[in-house]
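Engineer: Once you've had a glance at the structure underneath, I'll fire off some questions.
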Amino acid sequence: MTTGRLSMAEILEIFTATGQHPLKFTAYDGSTAGQDDATLGLDLRTPRGATYLATAPGELGLARAYVSGDLQAHGVHPGDPYELLKTLTERVDFKRPSARVLANVVRSIGVEHILPIAPPPQEARPRWRRMANGLLHSKTRDAEAIHHHYDVSNNFYEWVLGPSMTYTCAVFPNAEASLEQAQENKYRLIFEKLRLEPGDRLLDVGCGWGGMVRYAARRGVRVIGATLSAEQAKWGQKAVEDEGLSDLAQVRHSDYRDVAETGFDAVSSIGLTEHIGVKNYPFYFGFLKSKLRTGGLLLNHCITRHDNRSTSFAGGFTDRYVFPDGELTGSGRITTEIQQVGLEVLHEENFRHHYAMTLRDWCGNLVEHWDDAVAEVGLPTAKVWGLYMAASRVAFERNNLQLHHVLATKVDPRGDDSLPLRPWWQP
């Protein structure tokens, strides 16, 4: 296969697999490869798709070809290609072909088809070209990165996330619980971990559509939520007003760094740390500490790597199509950085299985509302979401990604915290 002229199906096979596998590959030149009776497969439909595969070998080239419609998946719904991705991950060895094999691919495709071409319009610019928006994790560049992902369409998010409009890991009280029950349970758990009582003050940074803001306000807590997404802030503030919670809560369109108020009884960060940048953790956690009164509590909820050695930067697909400038590290690094700013870490736990279940339900919602979603954001963007959520589900199931809660407190100079000796919340 690696010395003679290759068919297009064989080229597709090279870029996705090695050895025996349960997939069927077909291509626009009429060629086939793989297992004939396989229920799952990939179809390379155009020469442009071959160009994407050859000029960006690996996940980015595959994503470009898939999002553009030049590569089609069979046996799965585009809103939830989980079974295909799981099969590829578990039974196929993804690889970057050797230089010798790539040279043969070039000869087979033809030199005219290996010159770089424009990626799909859904793709963000590479990191080096984002300098026009400011330095990495500057306020202007962070705002643009958040806009790329979170300002897609509130209607679209309502279809995918469901009534809770909560775009973070749910906490399932049991395997049979619905997504809505699990999201409500997550807010309940965070509320209890933070020991909030009526009249207390909470700052929720990266508040999204205000789910935690409204939950806490319903229980009598005064809350400020801050989000960089204009669409989220508009939706969240309206939801606050519609529930009659304006006397207690507000959702601001604001960088968390622009919150001037201090002396909060608690700070929650639910899904923001992923956007901060690892090098900025000292400032970030120091800033959150500065917002707390002495004795106040911080709950940091974020996606992490499974170890503390892997690179913090996202892969090509995630960085270009999902979370531009997003960075992840291990829970050990998160805990260390929280301790380094002088906060005392009280408790930590991992919810990775819960995130896999959350993503399962989000994909189910996307499939259910597929026609509406495509009409709202277009087929390529809808496919990006199905691909990214299903791939993330596989990553959490395989322990490549985790979701951690870290609870910490701002002790007084003598080390007093006035906290119970044992955990005070219901699991």
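All positions are counted from 1 along the displayed chain.
Cβ atoms are placed via backbone N, Cα and C, with glycine included.
Straight out of Swiss-Prot:
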BINDING   167-168, 202-210, 227-232  S-adenosyl-L-methionine binding site
Engineer: Count the other Cβ atoms sitting within 10 Å of the Cβ of W209 (S-adenosyl-L-methionine binding site), across every protein chain shown.
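Structural biologist: Cβ-Cβ neighbours of W209 (S-adenosyl-L-methionine binding site) within 10 Å number 29.
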Engineer: Under a criterion of Cβ-Cβ distance under 8 Å and sequence separation of at least 6, what residues of the same chain contact L203 (S-adenosyl-L-methionine binding site)?
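Structural biologist: Spatial neighbours, sequence-distant, of L203 (S-adenosyl-L-methionine binding site): V223, I224, A226, V259, E261, F264, A266, V267, S268, K291.
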Engineer: Out of Y167, G206, L228, E231, give me whichever of these binding-site residues has the highest number of other Cβ atoms within 10 Å.
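Structural biologist: Comparing the binding-site residues Y167, G206, L228, E231, the most crowded Cβ belongs to G206.
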Engineer: For Y167 (S-adenosyl-L-methionine binding site), name the DSSP secondary structure in the helix/strand/coil scheme.
Structural biologist: coil
Engineer: Taking DSSP as the reference, which of helix, strand or coil describes W209 (S-adenosyl-L-methionine binding site)?
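Structural biologist: Its secondary structure by DSSP: coil.
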